[in-house]
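> Sharing a structure below in structure tokens format, with a few things to ask.
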């Protein structure tokens, strides 16, 4: 079990985010002390009224009215100050959360892709949204309450000792009790709060998975199973929350109220019924009033431990993401010129020693067309990801333009090497925004790219042209049109190396022809690396690399590999047989119709 001293580094780091708002926070703290002094003055006025006016049967109207007006004025003044300081704390809290979310998103955007292979998306979303919102409560509720309670307690102690130091000494006996309760609460609540945050992240992750996979869930009638799974996650979160509520219910308000009542009884017994009669009624009233008010800020201080624990745990989760590894790039800013590729004895494993690529060698001259083929799981997409610099190599070296890939800067690598992925990401934005992706590219260049991939006619047919929104995940486009849009996205800034990861799979023949037309247009000034399932699309490749279980088993041109009658020849014959079978089936269907 970690002590408060172990939690302090995280809390200190969270509080440091408030440094840009030191001035408004300082003004808010000053307002708190002034408001506390105004609140504490109320019982002093009533004590004076009882001992000097009621007890002596001296009640001049002007003085009584003046005391009443002063009492009401002080309370209204305190309320106004509390409102003003609340606004200042909220302003600082919103600013802190905004900066924190910016930093978290920046950290997430700069993480290596390998981190997302094992980290559920819902967990990341929970840290950016839910955890940062809990941290907002640290400023709005915890810090504000602690400072306000401290100011109020301090002002009341000054007033109590000024009235009667003996009674004040009895009253402060509650402080050691409060300290013990806070230590016990912190010891037992921390692990429970961590479980609450973890279960909430699991719920977010589950919802994200269900929403993204809704079509599959409904297709295979899995609604009940996923509903049960989400119900179990919700029950776990509920049980953990109930544990915190039970702990709060026992250790906080009821227990402290009991101790406060016992001390109040002690005051009455020691001084209220004292035969010496040295304690005036007004003073006794003031002490009873202060002790009743003292109980509330002390309870608030201990109650805030629950929110403090949640904020610290949320901060740990946020900082874990922020302090995670960053995608590493080199410092060589020189842009790629020729687009040559050299893969020298490269081996790669996603984790441990389970190699998915073994001793791969490949040399691609400038402006050449190289194809990667192989069955599913052979390592084609992995090799493409390595060429993009997404993962560090386990062994060997990749050189682009004769320079180690690891030495290239972020700008040099991303401007020089582009990739069209198998499942293109389409933003819920306009045609134009999906092509430019925030880059400074003219509309004329966008139209040229759309013409190249044969999407210009589609864009013109839409209501607002290239300013037409494409819907969530590009639902207004077909699978083939998404592929063409992804290709246009990389062609607006012609890269030196273009990688197409399974770009000709699962698309219609018309889209395939459009892709081939676009590739023919860029081959003169771009090195092409194509991963193809349809071997008919790569018969013109300068080099074909055949992968099998992570190893390069064959390499050559289409004709050379067919003549060798190896694995490539087997794959080609299987595809021909499949195409002939599909053609005969279509012919039979047309005859029967």
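Each Cβ is built from the backbone N, Cα and C atoms, and glycine gets one as well.
The topological domain 'Cytoplasmic' annotation in Swiss-Prot covers 1-25, 84-140, 186-254, 300-593 and is backed by sequence analysis. Sequence annotations record features per position, and here Swiss-Prot assigns domain 'ABC transmembrane type-1' to 25-310 based on sequence analysis. For 26-46, 63-83, 141-161, 165-185, 255-275, 279-299, the entry in Swiss-Prot reads transmembrane segment, with the evidence type sequence analysis. What Swiss-Prot records for 47-62 is topological domain 'Periplasmic', and it gives sequence analysis as the kind of evidence. The domain 'ABC transporter' annotation in Swiss-Prot covers 341-574. Positions annotated as ATP binding site by Swiss-Prot: 374, 375, 376, 377, 378, 379, 380, 381.
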> For the topological domain 'Cytoplasmic' (84-140), what's the mean pLDDT in this predicted model?
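On average, pLDDT over the topological domain 'Cytoplasmic' (84-140) sits at 82.
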> Run through the topological domain 'Cytoplasmic' (186-254) and tell me, per DSSP, how many residues are helix, strand and coil.
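Final tally across the stretch: 64 helix, 0 strand, 5 coil.
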> Within 10 Å of the Cβ of residue 376 (ATP binding site), how many other Cβ atoms can be counted across all chains shown?
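Around the Cβ of residue 376 (ATP binding site), 7 other Cβ atoms lie within 10 Å.
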> Tell me, if you would, which residue among 378, 381 (binding-site residues) has the fewest other CB atoms within 10 Å in the structure shown?
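Looking at the binding-site residues 378, 381, the Cβ with the fewest others within 10 Å is that of 381.
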> Other residues near the ATP site, CB within 8 A of the CB centroid of 374, 375, 376, 377, 378, 379, 380, 381?
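Result: 382, 547.
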> With DSSP assignments reduced to helix, strand and coil, which class does residue 374 (ATP binding site) get?
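For residue 374 (ATP binding site) - judged by DSSP and reduced to three states - the answer is coil.
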